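**Q** Provided herewith is a single structure, encoded as structure tokens, for subsequent inquiry.
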């Protein structure tokens with residue numbers, strides 16, 4: 001069992017001071033970027049994707065795949081890094097950073113992408129940052 005990330009708590013004003021307006025809208029207000037506009041949708045370099053709000057490692061690049069949905073797609077997060085909460089309507093499951101509770105996107109299961117987990121973590125590019133493989137020891 002992996003260790004849980006450290007909890008990061010900030011006031012709304014503190015989040016606004018460290019995030020861009022678009023990052024704040026998505027991470028803290030549970031917004032969504034327009035499909036096909038994100039920096040990491042068609043990005044496939046080796047490394048680790050971190051939460052842009054608190055820098056917690058979330059995804060290995062080896063779990064990223066091209067789903068064609070217009071947002072970065074991963075089939076699995078790092079152990080203990082991501083929380084899941086079913087939306088009230090039960091149609092989707094929200095994914096958030098386990099450390100700072102920042103909104104990442106949603107996870108979908110059973111879509112037939114043929115990956116090992118049969119899941120698609122549909123993540124807003126604005127919610128994540130990338131660390132290349134040479135500066136990362138988790139790959």
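Backbone N, Cα and C define each Cβ position, glycine as well.
From Swiss-Prot, here are the annotated features:
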- 122: active site, nucleophile (ACT_SITE)
- 51, 54, 97, 100: Zn(2+) binding site (BINDING)
- 69-122: disulfide bond (DISULFID)
- 12-133: domain 'MsrB' (DOMAIN)
- 2: N-acetylalanine (MOD_RES)
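Could you give the neighbours, burial and distances for every feature on this list?
**A** Here the Cβ of residue 122 (active site, nucleophile) has 21 other Cβ atoms within 10 Å, regardless of which shown protein chain they belong to. Reduced to three states, the DSSP call for residue 122 (active site, nucleophile) is strand.
According to DSSP, residue 97 (Zn(2+) binding site) is assigned to a strand segment.
Each residue in the domain 'MsrB' (12-133) has a pLDDT score, and their mean in this model is 96.
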**Q** Within 10 Å of each Cβ, count the other Cβ atoms, then let me know which of the recorded positions 69, 97, 100 comes out lowest.
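**A** With the recorded positions 69, 97, 100, fewest surrounding Cβ atoms within 10 Å: 69.
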**Q** For the binding-site residues 51, 54, which Cβ has the most other Cβ atoms within 10 Å, all shown protein chains included?
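**A** Result for the most crowded candidate: 51.
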**Q** Whole-number Å distance between the CA of residue 51 (Zn(2+) binding site) and the CA of residue 122 (active site, nucleophile)?
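**A** Pair distance, Cα basis, whole Å: 14 Å.
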